[in-house]
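**Q** Dropping the structure in here first, questions after.
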Amino acid sequence: MIFTNIIAVLMVSAFIALLVGKRFARTLPYIAAIGVLISFALLAHFASNHHDLFHQAMPLVSVPWISSLGIEYATFIDSLSFILVALTLILALVCILVSVSEISQYQNFYYFNLLAALAGIVGVFAAADLFLFFFFWEVMLLPMTALIAIWGHENRRYAAIKFFIFTQVSSLLMLVAIIVMAFIYQQQFGDISFNYFDWQQLNIAMPLQYWLMLGFFVAFAVKLPSFPFHTWLPDAHTQAPTAGSVLLAGVLLKTGAYGLMRFVLPLFEQAATHFAPVAIALGVISIVYGAVMAFAQTDFKRLVAYSSISHMGFITLALFSFSPIAYHGAIVTLVAHGLSSAALFAMAGMLYQRLHTRDLKKMGGLFASAPRMGGMLLAFVAGAFGMPGLLNFVGEFMTLTGTFTHHPIATAFAATAMIGSAIYGMYLFQQSFQGKPQENVKIPDLRAHEWLLCSLLFGLLLYLGLFPQALLMHFDSIYPSVADAQLIGGKL
Amino acid sequence: MIDIAITHVFLISALLFCVGFIGVLARRNTLFMLMSLEVMLNAVGLAFVGAGSLWQQADGQIMFILILTLAAAEVAIGLALLIRMQHQRHNVDVDGLSKLRG
Amino acid sequence: MTLEWIFYFAAAIAFVASVKVVTGENAIHALLYLVVSLLAVAMCFYLLGAPFAAGLEVIVYAGAILVLFVFAVMMFDLQGDRQPAVFQQSWSATWLGPVALTFTLAILLTYILLNGTFDKGIEPGIVGAKQVGIALYGPYLLAVEIASFLLLAGLIAGYHFAKYSTQGEHR
Amino acid sequence: MTALTLLPFFPLFSFLVLIVLSKRLSWHIATAVALTGIGLSFIASIVVIQSLNVSASSGEGLTQSLWTWFMLGEHEVRFAFYVDQLTAVMIAVVSGVGFLIHGFAAAYMRDDENYSRFMAYMNLFICAMLLLVLAENLVLLYLGWEGVGLCSFLLIGFWYKDPDNAIAARKAFIVTRIGDTLLALGLFYLFMETNTLNIQEILAQQQTSPLSDEAAWWIALLLLGGAVGKSAQLPLHTWLPDAMAGPTPVSALIHAATMVTAGVYLIARMQGVYLLAPEILNLVAWVGCLTLLIAGIAALAQEDIKRVLAYSTMSQIGYMMLGLGAGANVAAVTHLMTHAFFKALLFLGAGAIILAVHHQQNIFKMGGLLKRMPLISILFLIGIAALIAFPGTSGFVSKEAIIAELWQSKTAGPVFWWLAVVGAFITSVYSFRLVFITFFGPYRAEHELLPQRHGLIVLPLVILALLALGGGYIPTHLEQVFSAPVASQHGPAWLHTVAIIAPLLGIGVAYLLYFPKTESSPAVPGTSSVYRFSHNGLGFDSTYNALVVKPFVWLANINRKDVIDLLVQLISWNTFTWHSAMKAAQSGRLRWYAATLGLGTALLLLGVIL
Amino acid sequence: MIVEQFIAIAPQLLLSLAIVMQLLLIAFKRSQHSIAFFTVSAILLALFAHYPAMTNVNLAVTPLLYVDVFSLTINVLILSCSLVAVWVSYGYLRSAVECHDEYYVLLLLAVLGANILVLSNHFAAIFLGFELLSLSLVGMIGYLHLREHTLEAGFKYLILSATASSIMLLGMAFVYGATGDMSLAYQVPQQQDLQLLGQAGLVLIMVGFCFKLSLVPFHTWTPDVYQGAPMPVTLMLATVSKAAMFAIFVKFWLVSAIFNQDSMQFLLVCIAIASMLVGNLLALTQQNIKRLLAYSSIAHMGYLIIVLAIQSQQSVAWALKSGVFYILVYIIATLVIMIYLSGRSKAHAITDNDDWRGWQGLIWQRPLQGSCLILALLSLAGIPLTAGFIGKFYLFTVAIENQLWGAISALIIGSGIALYYYLSIIFCILAKPLETTSQTPIDKVGNFTVSHATVMGMLTVIIVALGLFPDILASQLIFQSEQVTIIFNEASQRF
């Protein structure tokens, strides 16, 4: 019941924010924060007294919804969804902290959208019924697009429409695949069902399985911006408000990776192994392409957006190399990228509030007037390009070690991203904080809530960087870490 | 009472129908359009009566009667519209009526 | 033998008359040609063994509807001959397109008709007015009622459209 | 062994203190905190070395594991330290020389406004270097490796207001980062083969189930790539001369004593793997040899005192690489130690001189300093003597040891010996060119020398001078770590004498060329094209720019608009053209609508017929 | 005509009686309010008359009509739409000075025509229903003399529907010539050996249906007539005529088992794909909301007739259910938008208030109406949380069950394109409101009464409720396929 409760709490606080926020707009951040903290407490409480959830999937509630098609409201929890929901809630706190000073008009509708998006995302991670998964997959888009379209920057409309159409059309492909799978289940087992656990017993003929896998893969490749489908991300990020891009980069990209881990690998094993070389190539291309493009950008947020395309390329690489180490590396990279890119976007937001521009050409020499912010940015950039001691390094190292055994050349190319990320990381830091200050612009250093935000994120990155076992110990049991198991995936 | 092949009757009605259709397409004078409509309806009436006599049933002629009522009603409305057009626009050119586009 | 000839002759007259209707310049001439075409078709009906339909055609169709036409054209001067100059387009512009399209349509229909049907001849037999009457008020009773509503709709719509044009603009 | 556990973390604590309270600390407190941090780690290293000598006489070291970092399959990567003789030497050098340099830096950077931030970075650097050296497994080594890279970036770009420093810092960081990536690939390959990254386990495994030749070949090459990047050897050496943009103590600490030697330490540590790949050892020798020659030639044509010393560092590390390549591991590591002493002395001496002549670094703009600053000049000269391996100095002990073993080592040979001797000759030529131009002849600077007799400036110099002289004789017991040297001394007798004469010959040649004969004739820098060619590093910089940097930047810029985005816009343009085509069909004319009706019917009939 | 037959067609009889009474009422006392009130009560009475009609269902009333559950459901839908239309036009016309009572007669005639069309089982009934609906709609389209476009729209609709109906008649003649009987169910036995003439006839009849459903080759009239007609008439056009036409198309298609002939099946799928793509493509940069709704109705009808392209007998029930659900959802969404538009425009204004850019920032001034509009648009676009998504999901299941891969890809591309213009409207509503320029802001125009707002709110609640819990309605719409088969065998033993 835990996830349903969390969704309920989030939606209730969303509606409270919408209604009550009209008059006392100042209380809005607190309402949102309370909502998130309550759900966090619920999650922590649940985790503390249900230790077995970390060993195998625990189906929670299952209520018939559309009985004519055998669709029911079924949710379940396992360690992957637990960690991702925890990450979502942490980033929710970050979003609230970031949007405290940034949003000026229609605040109640803003917080409503923020909390509704969060509920949608938690729903995505909780759904056990494929139709419910698809339902939440689309529902989380609406508030996100509203966030970009209403509170975004100059040509937000174009970015919002592009974001929505890209995801919507690709998810329709997934819908077709889901329905075909349901009919196959009906042929093989009699009654029609969309339940994820039922589908695990299916064995589908090869050519059809390949197409179904492609249907799912395209939807998730668009969400996790893999190479050919990534063009919506830079626009969406540059135009989104800070909280929007924190949420977008921090969590929405993870739903794509979650989809790959949960549905593409376990359900379509042969197809995935056949498709692996292509996916690996796509992963490597998006890593290298993201790094090269990031270097060319002059816009702060656009540069970070391309960098997250490069980082998410590691996920595709890790997942389709079918090695247990790489699988763990992918999970760590998910969390690490979530925290570090959210931090970078928060910094971008702070800079935008102070300088009212995102153009790196107009920044420079800010270290003199804001040393603490400079230090923090350097720390997060170091994290982003995989400085050991922070979490990204652990993820990257495990991913590359894992993939090296089967795909040495691909790993070599992927490793060039370490140089690439260093180049654009340093370029980002130096263009904004080093060099001669522009007509001695003076910006105020980190304020209280910004300092809290940065230290929260950096503390997490550092603590998990030095003790990643806190993250990974849940996975050993689920994950038969047999060295040469052909296909691993989160076999539940 | 004559025994000719039904196809001939249908052929004649099809030809008359096509002549009516040309009238609708080609003539810019709305009055002629209405007349061409009458020709087309008349052609269909012929087809129905032919088919009716083929199967020796009254249905064909009943359909012809219904077509008559339709023709009458249509002419009434067509001419009323035509009168208003003449009154408002002082010409009955159909191409004048093309403001709604795009 | 001669009856078939008369039928084909009447059909030819109908065809030529409707071509004259369509290509006519003067409205009234066109209307008169239309009457001729209707009479020819009535002759065909009669020959096809449907005397009642022929009678109706002459009395109702040619007699009432076309008279209404002539009446309206005369009364409200819908001649359309005082058209603005723009009306006179070149022959090809107005006629080429429609003729081409309709020609293809005619070709398709004739192809269908020629090899689409079994050539079952119309056995000689007359479907008299009595038979039509029985069918009309037997199974097709509802059809008659609905036809009356159809005429009512035509009446009201016609009345409403024409109502204002005579008394000038009515705010 | 609390000393061992806390050894690297003392500087870390002082780093944290300095960073957090950076603005509120006065000079005195900041210096105290910094120096105590390094001092404690030096004392701890002494304690560790004592306990090492006492307990482990048989050669295997002390290990101290803190916590499990993460799991690579079943292999558990731990935060753990391992100390043996090699590590002992390194931690002694790093903390000792580091402590002295910190003392000097305290005085040198006294009037800089963010002084505490500087000392914090220096402490962080020492901590990272100690972690690198003490690491029990290669991942922790990699952590130290990257940490050192980041701190060198911070310190080189310390005066970030001047854009050239920032660019130099970024260049240093990126070039070393290329080396790091090669090292990372080496680690992956190693893990694939041996399924563990613990150094001792790997070396032990080489005895039981040695790597296949091809694997050993690749791993050794990749590790060499990493070492070359960090120690500024031939292919990836262009960053070191530009790194002189940082303050002089930084150059002394990082680009003389510690960071640049990390590569040598790595190859020394992984000797077990290298022995399986003799071709790579030969390659290491070649890299070392070529670097020492090129660096020597380039040093001949420099005006900036620090760039001369930078090129001389590069050539001395070339010697170490040559030693490792030739299998003379013990000699190479001792040379590393002695080089740390006299190169630190030279850099700090140069720093003192620069302070005295109002931050003027061009040697042609100063001169005749022997008479004006006798004490510092003499100390500097001691350093130079050690540099050119003047008999009796520590440099002589370690350099001669390397050159001696070159002749008959399997992976190197007489050719290397001759090149090494020529290198020694060039070294003495450029060092005495430096000496004659700066210390003899007329005083060419505009305004008077700044008198400063601060204790903290001179004391480190004196200690280092002593170490430079006597450093060669410090007992290191390195032979316990490395397998016994390959063969006894049986090369031709004249080897030893030629090796000694070459540097003296160099002094004479330098005297002829550069000694300012008459009081009035100022030494003037050469203008010939060869001079300019060797001045900017034998053209490596320009070739790299043309071959790598320019195309990358050009490629990035042309694709700023993201060609895939154009593809997407193409699709939307196509949709909108269809839209306008359809819209034209809605022309509003009734006859056209009737025509479409007819056309539709015709199409449907056609569909039925076919 | 036995008693049960009278009860079966009681609603239609009541409507005819109402029309005649209306004429008497007009003759007696010409007041706008009484005629409107009378029409509303007549329609309500007809709606309640459906309850007894439900009891003896599956009854052939003279060979012309056949009453079954499917037709009665659609009739209920049509009558409720016309109820909304009457109530909206009352508000719309009340502001005009002179008395508009012929309008309500024409409206009732149109509803009667639609009902007969839905119930018809014989070519004659289809023809009469079709014509009655068309002619009364022509009367209503051309109703407001003052408008500049009325004449043009009326004329276009008259001429084009006359042409289409004559083509349909020609088709009926051919089919009659080929088979000798004009009732729908009778076609099945002769179906197998229907020669080319019969097939051509069926195709020509389909032309008439496609014209009314505004499917692609015959869609050109829709935007102009939607724009020219007064707002309530556009509402009637979009809902009543589409629903009636869909019902008869389904009966024509399923009852006479035309789906067995794959050539007809192929034509249908081609028309569906063409209308999905062309409909959405045309609407991309459309500023006028009425034209945009016309184009989107072309696309939606394209989606809808996928339901007919079924391969086998047993998937008829599911196809019918999805079809009815989809058309219901489409009608509700269109109703919400059109009620708002009617509320916002007046009869005697030069044109209706139909430029959607005027809605900028509507949600901040009128939150309730703004959110209703947004949810309706989302439902049209087929986004979750709204019933449109569930409708589209049902369509997907039908299309996949019958392996219509071409149609599915067209559906995906079409809804991709559709998103563009729906989103641009939604973003316009969500954008910052314009500083009040010279023309009166959108929410002051017209007589937007509280009742408008409440009905819009109710319909939006239905949309969201169906979106979240489709089962509350979907389980009722169970047209077992045997009901349709009953039509097969019963009707063929003649009456």
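Glycine is treated like the rest: Cβ placed from N, Cα and C.
Pulled the feature table from TrEMBL, pasting it below:
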TRANSMEM  A:6-21  transmembrane segment
TRANSMEM  A:28-48  transmembrane segment
TRANSMEM  A:73-98  transmembrane segment
TRANSMEM  A:110-128  transmembrane segment
DOMAIN    A:127-415  domain 'NADH:quinone oxidoreductase/Mrp antiporter transmembrane'
TRANSMEM  A:163-184  transmembrane segment
TRANSMEM  A:204-222  transmembrane segment
TRANSMEM  A:271-296  transmembrane segment
TRANSMEM  A:303-323  transmembrane segment
TRANSMEM  A:329-352  transmembrane segment
TRANSMEM  A:373-395  transmembrane segment
TRANSMEM  A:407-429  transmembrane segment
TRANSMEM  A:450-471  transmembrane segment
**Q** What same-chain residues lie close to the transmembrane segment (A:6-21): Cβ under 8 Å, and 6 or more beyond its ends?
**A** 27-28, 31-32, 34-36, 38-39, 42-43, 85, 107-109, 111-112, 114-116, 118-119, 122-123, 126
**Q** What else in the chain is close to the transmembrane segment (A:450-471), if you only count residues 6 or more beyond its ends and a Cβ gap under 8 Å?
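**A** For the transmembrane segment (A:450-471), the sequence-distant neighbours (Cβ-Cβ under 8 Å, at least 6 residues beyond its ends) are 83, 90, 93-94, 97-98, 331-332, 335-336, 339-340, 342-343, 346-347, 350, 372-373, 376, 379-380, 383, 388-394.
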**Q** Counting only pairs 6 or more apart in sequence, are there at least 3 Cβ pairs under 8 Å between the transmembrane segment (A:163-184) and the transmembrane segment (A:204-222)?
**A** yes
**Q** Could you check if the transmembrane segment (A:329-352) is in contact with the transmembrane segment (A:73-98), meaning 3+ Cβ pairs under 8 Å among residue pairs at least 6 apart in sequence?
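**A** Yes, the transmembrane segment (A:329-352) contacts the transmembrane segment (A:73-98).
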**Q** If we skip the immediate neighbours and take only residues 6+ beyond the ends of the transmembrane segment (A:373-395), which ones have a Cβ under 8 Å from one of its Cβ atoms?
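**A** 304, 307, 311, 314, 329-337, 339-341, 343-344, 347, 350, 366-367, 418, 421-422, 425-426, 428-429, 432-433, 443, 445-446, 450, 454, 457-458, 460-462, 464-466, 468.
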**Q** What stretch of A:204-222, A:271-296, A:303-323 shows the most Cβ pairs under 8 Å to the transmembrane segment (A:407-429)?
**A** A:271-296
